[in-house]
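Read through the structure below, which is laid out as structure tokens, and then see the notes.
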Amino acid sequence: MPWLQVRLAISPEQAETYEDALLEVGAVSVTFMDAEDQPIFEPDLNTTPLWSHTHLLALFEADADPEQVFAHLRLLTGAELPEHQAEVIEDQDWERSWMDNFQPMRFGRRLWIVPSWHEAPEKDAVNLLLDPGLAFGTGTHPTTALCLEWLDGQQLEGTQVLDFGCGSGILAIAALLLGAREAVGTDIDVQAIEASRDNAQRNGVADEKLALYLPEHMPAMQADVLVANILAGPLVSLAPQLSGLVRPGGLLALSGILAEQGEEVAAAYAADFELDPIVVRDGWVRISGRRR
């Protein structure tokens, strides 16, 4: 069915006021959107930052009168409205639209990431079937791609691989399909653990091949290979811990790092690893090396 969509151009200071007012006048959903393609990276803990120029989108039943909505908003806020507009939009199958846009992707020489509902383009390739679930990694982001390509270029046969911050499990599962003996995944999010388990089952990975833990339950270990696609801040603060999780002679690959953060992250690992040249893609970097 169609919907009435109301759009307001607001500042961060106005966000809560207008969100509450829109819900008060009958909006069935309220969404914040970036108005100027302004990135927000690594916000402070316990904060939910907004862009300096934000669009607030609200959906109403199609028979709602936009002029009445605007009048009630003025009454509730006691102020003239910021820039605003209303339009009727047709309903669509958002999940199907997203699925149609998620296509198989190749990484390196052997590895394909294939949506679970899609046929693999190369039957004889290493095909990882993925249902990302709750917006965990799909391979479309440059940092995930950098890690997948790195894994494809390693000799993983017989190794134990640790995926630190496993998300969808895409890196751990890829390592297993590329020949790793076993993999360990850890994440602070219980839903990530479940997504990883589901994706492992979808790819025929035996339970004993992939162990999944919340960080507080992960056993002491030293892996042959560690991959961590998280954020620069945690990578720096956790450098002693992550370095200790790699055996001497073992391999490390890190991403989730902005280009301007690369040198700082590399410096945090330089004492313990012989580092490779930093690889840059679309403003993001990968740092890799071998444990001394």
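Note that Cβ sites are derived from N, Cα and C of the backbone, with glycine treated the same way.
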### Query
Out of T144, T159, which is the one Swiss-Prot records at the S-adenosyl-L-methionine site of G165, D187, N229?
T144
### Query
Hey, does DSSP put G165 (S-adenosyl-L-methionine binding site) in a helix, a strand, or just coil?
coil
### Query
If one looks at the chain holding G165 (S-adenosyl-L-methionine binding site), which residues at least 6 apart in sequence have a CB under 8 angstroms from its CB?
T186, D187, I188, A228, N229, I230, P234, G256
### Query
Just how spread out is the S-adenosyl-L-methionine site if you go by the largest Cα to Cα distance in Å among T144, G165, D187, N229?
16
